[in-house]
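Feature list (source: TrEMBL):
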DOMAIN    A:24-347  domain 'Aminoacyl-transfer RNA synthetases class-II family profile'
BINDING   A:83, A:84, A:85, A:113, A:127, A:131, A:278, A:282, A:283  L-histidine binding site
REGION    A:416-455  region 'Disordered'
């Protein structure tokens, strides 16, 4: 067989980089569980009618067909999920009678999008989602909780500084209504294009929606407001627009941004940014986006918000609030530019050397004593000269080589980085805690080391 | 939307059962990493030409098509992987220049098979594989290592006793050649049907392959041998057949079964079982199967063996030895019969009660102090009467409710199972270690409690 080549859009990691991904996933899981979020894992497939309920995204679905299906059988009626929200909403309805509400869940899984193959578009990627869903009513303090938990999770990651941007759809909707706009959704979709179009183009589109130049100016002025605390409220009110829904939105957003600012998390900043709308999604209140410093071209790597109707089974409505971290989207650019990896390609902290093939049981027994105390250990593959066995460890990044006792000497362990070698007992010796697991490496010249500078 | 119903063949767990699955996956990962196995995660898809290289299984592949593909575009040329061996072999070839050999990897992922929907056939399931792959040559001690690591991993699982059955293809091949059989593969395929056919039917099939009654008797006598140690060797030799390959096979199998017997693992027994052939797979030496006591109808839940040619790129050959645990196949029957679950539906060990909505920040601060010391904690959703808040905890299986200090009393924590309540400080109080995480529950009347009985 010829050597296979990578498939565009389906990233895979080498072992040392995969440890970095595992480190990130473990940290996320630990944070989510400390806050009482339960793990849910849903099947990779949904029925096509579930997947196509969200009209905008249907072009990106991978449909399944059994290879040996009869000609008449056609597709399996199933497609791969393209996010974790659709499967979660379905899981909630399917199991509503067996879940306790409000229900907090986290879900870390791959999702798939049937994009045309092209550079930088992922066709398979991992997401880490947290959501709280309730029956009929979900108080606003859960919006604060969701944002807090994800901010705390992001803060512990070995990545460049992150900027969480929050806004509130009620604020936008109320502002537009207070302005006298009729089709507020159309205006929101126009304003969502501020990233791509200049002011003149936006004004032109707003005029098409029936806004006069003064109304358009106020929409643009609103979108320009960004503050680190609830002082945005005064700036909004200074625009002279009023509406009860606008007041609601201001109150909620002020509460959220103040609560987040109080956390004073390392490596994460929070801004009330009134430009954020998340135009295509069905959010009804809070909305979130997140930029990675130095990687703004990636777009938002962590987004979400509140849905008044995450799910609905005809008897009950299930409102939800959630946020989704694009794990692959965050990590692949860092790993591929050398901004993130780990110190070794194997979990082993120790390589037990092999004197000769006959003494393999002796080396195995030493390894087993170390493992019994939680020290990842492997035994040399072959009884080569010790110099070669040390190089074997070196190539894998294993920091310690253990030499079994001989007639002349006790067991000895060598730190192959420093060359230090000393007598040791496999029942008591411990490596420094930092050497127990592959260490995260974020090169000094990478943006990861400017963390905290913007907090 | 009507309430969705489960999809046959795509099992999903409720949260309390999912914790049991996570417990199992964590234990597997920990064991594999202690032995120096690195994590690899491959994409879910392979190109169709990779997937169809193993002829026998092609009927079970799910093929992908982009929903919005042009009429002329057809399938995406991709299918979902049906095991973790094909993707690993491809990964090894693709990254051969960047990996250090011998390369130990574990891989825990979902796989998919496009079976017709029917009860008990999984169409999506998780596997946990370990393999060692080398360049050109892989010494036999790795067969012993692979078996040892998986046996150790299985031994720590909260499941009924497991019986590992080992054999060696060289032993079978050498025996048949020594008997004078020409088409040894055909005979092996016939003998592999011993589970389904009676002796008379097997004799008839062997006769069709040209074996006389005496040769057939010897094949049947060989297949009847099973021992807990290397004493099988004498029984084989007593059949009076000799061949160099038979000797090799006997030596390897004796070494393997003796090494495994020495481990004396709880809940896992090991047998040299000369009936095991794994007929359809391309194994060339050691072969493994594993039965779950009381669930023999499931077939082998953990299987594998040695491939002299796991991968081959024209320049180098990559031999491998590996074993694959069917995690879903093992857990779903136990969970669905109530033989395995956990003590709660949320990670939270503590629910911090809420006096009133205004004091939510006080309750949040207590929760944060507990979390800072690794205690999963949530805050009550609403300031109901304390009796209702306690029932809220009870329904989720949360063992402790924390009452914030009042003017009359200090902070107090209540074990809602015993009713014991005492003053406590959120900076120092700890639950018993067993309460920190959801506890595994294997009901006393389940086979899980007869563990060790067969060792």
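Sequential numbering from 1, following the chain as shown.
Keep in mind that glycine also has a Cβ here, set from the backbone N, Cα and C atoms.
Those TrEMBL annotations? Automatic predictions, nothing curated.
Overlay of TrEMBL annotations on the structure.
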{"residue": "A:83", "record": "L-histidine binding site", "CB count, 10 Å": "17"}
{"residue": "A:85", "record": "L-histidine binding site", "CB count, 10 Å": "24"}
{"residue": "A:127", "record": "L-histidine binding site", "CB count, 10 Å": "20"}
{"residue": "A:278", "record": "L-histidine binding site", "CB count, 10 Å": "18"}
{"residue": "A:283", "record": "L-histidine binding site", "CB count, 10 Å": "21"}
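When secondary structure is read from DSSP and collapsed to three states, residue A:278 (L-histidine binding site) falls in the coil class. Taking every pair among A:83, A:84, A:85, A:113, A:127, A:131, A:278, A:282, A:283, the residues recorded as binding L-histidine, the greatest CA to CA distance is 22 Å. In the three-state DSSP scheme, residue A:127 (L-histidine binding site) is classed as strand.
DSSP assigns residue A:283 (L-histidine binding site) to coil in the three-state reduction, outside any helix or strand.
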